[in-house]
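Taking it in order: structure first as structure tokens, then the write-up.
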Amino acid sequence: MQSVETDRTTFTDLAADAHPAARVPVEVRVDVDDPFLAYRRARDETGGVYLATTGGQSGWGYFGTAPADFREVDPRAGGTLAALTEFLDGERLVRGDCDVPYPCGAVGWLSYDVARELESLPDSADADRALPNLQVARYDRFAAWEEPRGESVTLRVTACPRVDDFETPELAYEFGKQHALDLARAAAQGDPSVEDPPVETDEATFESDCTRESFADRVQTVKQYIRDGDTFQANVSQRLRAPAAVHPVEAFDALRTVNPAPYSALLEFPGVDLVSASPELLLHRDGDRIETEPIAGTRPRGETPDADDRLETDLLDDEKERAEHAMLVDLERNDLGKVSKFGSVEVSDYRRVDRYSEVMHLVSVVEGRLRDGASLQDAIAAVFPGGTITGAPKPRTMEIIDEVEATRRGPYTGSIGLFGFDGRATLNIVIRTLVRYAEEYHLRVGAGVVHDSDPDREYQETLDKGRALVNAVDEALGRRVDLAMEDQQ
């Protein structure tokens with residue numbers, strides 16, 4: 001049963017005082033058993049976006065379907081962040097009493113290779129996939145819910161008509177109410193099935209672009225650069241590929257069960273689908289407050305609680321992990337400092353341990369206050385790409401990454417972003433993410449290399465990080481999926 005929470009008078013009073021181009025939310029509520037099942041019911045042939053947030057954003061999750069607008073930027077065009085700003089420009093939101101952080105907004109992803117527009121980088125890595133630098137869609141309505149949730153959840157469906165698109169505020173209200181009711185009904189009553197994947201195969205083996213030995217060579221090359229003083233730490237990755245034998249919706253449905261993560265997302269976009277279990281926040285902006293949450297330091301999960309505790313103690317006591325984490329926190333402090341008011345940058349949470357299904361991580365929180373005149377675009381440019389998935393110093397380390405990795409990263413270590421129409425934004429770092437492109441799943445996994453890194457240990461860390469994604473495809477297929485690169489020679 002749907003209930004309309006925004007009355008006509010409240011809406012028209014807000015609209016009367018608002019800027020003509022402003023959007024005013026109309027809220028409808030509906031109870032559902034599971035938000036992702038509701039998304040499956042509501043999505044159509046155009047796909048949609050689902051952001052399963054269990055951390056950040058005060059514990060809110062969102063989904064959107066039927067985008068009102070879409071933009072894509074080719075890498076050869078340049079100006080990616082400016083194009084994103086242009087896409088968001090002109091949007092205003094008058095929220096009134098609506099406390100949903102994002103009642104409407106835009107969702108998109110930025111390629112790691114946007115870094116080539118921010119720094120002068122070589123073109124050593126092969127651009128073997130014709131992927132864009134940006135895909136972003138605008139949603140005039142969202143379904144939102146608060147985490148954690150019980151056995152059932154109340155979806156708060158908000159439609160945000162633009163006042164000047166209608167002859168009167170009353171007409172805008174009626175449109176918004178109907179628009180919200182349509183999504184609420186679809187979420188409660190639609191067909192949750194998805195179309196079959198385009199690939200029909202009994203094989204879903206992930207194969208790497210390098211062997212254990214060639215990955216070790218990458219690590220040794222980076223260690224030589226460290227000895228030469230070019231870098232202190234660098235994130236080195238390998239790319240895994242498998243036929244796209246399961247639909248992204250099915251893969252995400254399994255992934256959210258086997259490895260729930262605070263910045264997970266499913267993006268179904270033209271030509272590219274992202275299935276992400278990212279645990280890492282690149283940037284959150286709310287008013288003038290900005291923050292980032294660097295992750296540096298990893299251990300596998302133990303088989304028992306006692307083993308877990310021993311591994312956590314080992315992680316906290318490890319001098320290599322301690323030094324690497326401190327260095328990267330300092331890097332993020334410096335990045336935020338580029339756009340923050342003097343003296344406002346601080347570390348509010350240092351070296352906590354977060355546990356996930358396959359691994360545990362060291363995490364810190366760095367905060368600042370955006371200086372007067374600095375924009376969201378400035379803030380993104382200051383922190384992008386994240387220091388934890390490049391290294392320190394960042395520009396030189398990105399040059400080294402481009403040299404040692406065989407192919408361009410694409411979405412990996414780029415960002416998935418949720419952008420509000422009031423300047424609010426939340427961007428993750430694209431790690432632990434399946435990318436479906438050209439009937440294949442691509443999965444990149446990396447490890448931070450420092451002066452005393454052991455190549456075999458770093459290689460194993462990449463496998464540990466990729467395991468949850470492989471398990472999700474395994475569960476979706478209902479059979480064993482091999483991580484074949486473990487045995488490659």
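Glycine is no exception: its Cβ is also placed from the backbone N, Cα and C atoms.
Swiss-Prot has this to say about the protein:
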BINDING   P262, Y263, S264  L-tryptophan binding site
BINDING   G297, T298, Y412, R432, G446, A447, G448  chorismate binding site
BINDING   E324, E461  Mg(2+) binding site
COMPBIAS  300-309  compositional bias 'Basic and acidic residues'
REGION    288-309  region 'Disordered'
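Distance noted between the C-alpha atoms of R432 (chorismate binding site) and S264 (L-tryptophan binding site) is 9 Å.
The most crowded of the binding-site residues listed here (Y263, Y412) is Y263, judged by how many other CB atoms sit within 10 Å of its own CB. Between the alpha carbons (Cα) of S264 (L-tryptophan binding site) and A447 (chorismate binding site) lies a span of roughly 20 Å. Applying DSSP to the compositional bias 'Basic and acidic residues' (300-309) sorts its residues as follows: 5 helix, 1 strand, 4 coil. Neighbour list (G448 (chorismate binding site), Cβ cut-off 8 Å, at least 6 residues apart, same chain): Q233, A234, N235, A296, E324, T388, G391, E458. Here T298 (chorismate binding site) comes close to L315, V359, M360, H361, L362, A447, E461, D464, K465: these same-chain residues lie at least six apart in sequence, with C-beta atoms under 8 angstroms from its C-beta. Distance between Cα atoms for G297 (chorismate binding site) and Y263 (L-tryptophan binding site): 18 Å, as a whole number. Most Cβ neighbours within 10 Å, among the binding-site residues E324, E461: E324 holds that distinction in the structure as shown.
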